[in-house]
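> What TrEMBL records for GLY149, ASN202, VAL203, VAL204, GLU205, PHE206, GLU207, ARG208, ASP273 is (6S)-NADPHX binding site. Here TrEMBL flags 244-248, 263-272 as ATP binding site. TrEMBL lists 111-127 with the feature compositional bias 'Basic and acidic residues'. Residues annotated as domain 'YjeF C-terminal' in TrEMBL: 24-348. Among the features that TrEMBL reports, region 'Disordered' is placed at 104-127.
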Amino acid sequence: MPHDSNSGSNPNSEANMSSATREILGRVRQLIPPMLERFHKGQLGRVAVIGGSEDYTGAPYFSAMASARLGCDLSHVICTPTAATVIKTYSPNLMVHPLMRSLPSSPAKPAGEDKCDDGNHKHDTDPKEIANRIIPMLSRLHVLVIGPGLGRDPLMQKTVAFVIKAAREQNMPMVLDADALLLICEDPDLVRGYKQAILTPNVVEFERLAKALKIEQEVANEGSETERVERLARELGGVMVVQKGGKDHLSNGTVTYTVDLQGGRKRSGGQGDTLTGSIATFLGWRKAYHDGLWDVKNKFKEEETVGLAVFGGSAITRECSRLAFAKKGRSLQASDLTDEVHTAFLNIFGEVDEDVSKL
């Protein structure tokens, strides 16, 4: 049962949430692994965040830490060398791999200089070659998050496109956010028809995607509030799209969920990174669920559980935001959400240590 004992003061408590949300969270809960002694390291989620550049080191950290704090076993960051040096100082709990490369930030270089800003030699400017150093890692991972701190560097963008194709060939779930969504605007076929891809655009990114896919803005008050996200998901061939807002609407074009839990009212940057990391952990748990690592009766089909995993990640993030806002108000920052991940989990789901085979 949920941990929050003072349900009257928590609008997201089981007693106060809508009946639809309560029912869906009951299904999501079946994907959460109990803490059994027979499990070994790595079985309950191996997540990698691809992003992190000279200018953006916080976003991949927040995503990877949300994934780790929620409960994935191993959390990686794949970034440029300059970003890696910084991110390693944030936490010793993350495994940081300086495998990405970016182009020089300034065209002017001293005479005889043959390196890019992050220490790369000129032969490190082939995106396929760079991707080929990352792709061998995929077999050791369960989920990718692509985009936090990626930036718009052309070399980074082209490298990621190769990685997306390789991950898709390996049927690996991936969460795409931030500047990775620019790739989808330019080449929707990278994910079109791939039902293990999840897009998490903010308001501006959603409109950019809608424009790229020729989905017009609806006239005010016409159609349902989920119509555009459903149309976008259908246009992408069943990709799961999260339309974030006062409520989060999640759709693959066929099935649509609405997460109506209360969040905080501060819109500081970086909160979406908690969402991507949380979704990634639920997707890692989803794999363990379908691999049969613990006994569950009446298993869901694989096509059902992508949406349930995304719903769980959204619910956790909204509760993190609510908790952090209650403490910090207008001073809230992304790091405050990171600190609330475990409490948010307990409030929404409680401990999951009983015999889940009875579910």
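Every residue gets a Cβ built from N, Cα and C, even glycine.
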> Let me make sure I understand the structure: which of the binding-site residues listed (GLY149, GLY246, GLY264) has the fewest other Cβ atoms within 10 A of its Cβ?
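Across GLY149, GLY246, GLY264, these binding-site residues, the one with fewest Cβ atoms within 10 Å is GLY246.
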> Here are the binding-site residues: GLY270, GLY272. Which has the lowest count of other Cβ atoms within 10 Å?
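Looking at the binding-site residues GLY270, GLY272, the Cβ with the fewest others within 10 Å is that of GLY270.
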> Any idea what the Cα distance is from GLY264 (ATP binding site) over to VAL203 ((6S)-NADPHX binding site), rounded to a whole Å?
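Given the Cα positions, GLY264 (ATP binding site) is 17 Å from VAL203 ((6S)-NADPHX binding site).
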> What number of additional C-beta atoms lies within 10 angstroms of the C-beta atom of SER268 (ATP binding site)?
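That number is 18.
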> Check the domain 'YjeF C-terminal' (24-348) for me and report the mean pLDDT.
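PLDDT averaged over the stretch: 93.
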> Can you tell which of the binding-site residues (GLU207, ASP273) has the fewest other C-beta atoms within 10 angstroms of its C-beta?
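Per-residue Cβ counts within 10 Å for the binding-site residues GLU207, ASP273 bottom out at GLU207.
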> What is the number of other Cβ atoms found within 10 Å of the Cβ of VAL203 ((6S)-NADPHX binding site)?
11
> Rank the binding-site residues LYS244, LYS266 by the number of other Cβ atoms within 10 Å of each Cβ and report the first-ranked residue.
LYS244
> What residues, ordered by sequence, lie under 8 A Cβ-to-Cβ from GLU205 ((6S)-NADPHX binding site) and sit at least six positions away in the same chain?
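Looking at Cβ-Cβ distances below 8 Å from GLU205 ((6S)-NADPHX binding site), excluding near sequence neighbours, one finds ALA178, LEU181.
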> State the Cα to Cα distance, in Å, between GLY246 (ATP binding site) and VAL203 ((6S)-NADPHX binding site), rounded to an integer.
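Cα to Cα, GLY246 (ATP binding site) and VAL203 ((6S)-NADPHX binding site) are separated by 11 Å.
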> My understanding is the cutoff is Cβ-Cβ under 8 Å with a sequence separation of 6 or more in the same chain; which residues meet that for ASP248 (ATP binding site)?
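Looking at Cβ-Cβ distances below 8 Å from ASP248 (ATP binding site), excluding near sequence neighbours, one finds VAL242, THR258, VAL259, SER314, ARG318.
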> For the (6S)-NADPHX binding site, please report the maximum Cα-Cα distance among GLY149, ASN202, VAL203, VAL204, GLU205, PHE206, GLU207, ARG208, ASP273 in Å.
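Pairwise Cα check on GLY149, ASN202, VAL203, VAL204, GLU205, PHE206, GLU207, ARG208, ASP273 gives a maximum of 20 Å.
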